[in-house]
């Protein structure tokens, strides 16, 4: 299957809340496979369906970074996942600031403050309800991709001035590459 095109900001699809997936069928499974292929081809860690123009509550991710020492027992910090209709049920009070990037905002990265740990409920490709306790980059990626499903770009977590500068840079990038 050919890789899918990634939607680049500014684009109204990236600021639109995605709708719930009502059933998992072969079409959804094929979409998920194409999303993984697209994510790997773009060398990303995660990809939300809205980033390929599909306004459904699905994202994929593959975090194979080194485990962070000192993470609490029972929390995952690596793994390959497809999350359908995800919902964060618990966020830690403890927060951490790390640099993030995004396939939909190329050639930029910004320091973003996010909760360090979380619990998320979601459906897998077998339509089974799953619960995951996540930490480290896995927790960060879940929050980043879930923001996409809610129509929020990660740069929205910046100050207004930094957000405006990031959007101007994104607009310039998009104009340059659309020629």
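Each Cβ is built from the backbone N, Cα and C atoms, and glycine gets one as well.
Pulled from Swiss-Prot, these are the features on record:
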type	residues	note
BINDING	102, 144, 148	Fe cation binding site
ACT_SITE	145	active site
CB within-chain contacts under 8 A for residue 102 (Fe cation binding site), separation at least 6: 108, 144, 153, 154, 155
Additional residues around Fe cation, ordered along the sequence, whose Cβ is within 8 Å of the centroid of 102, 144, 148: 46, 48, 51, 100, 103, 104, 145, 147, 153, 154
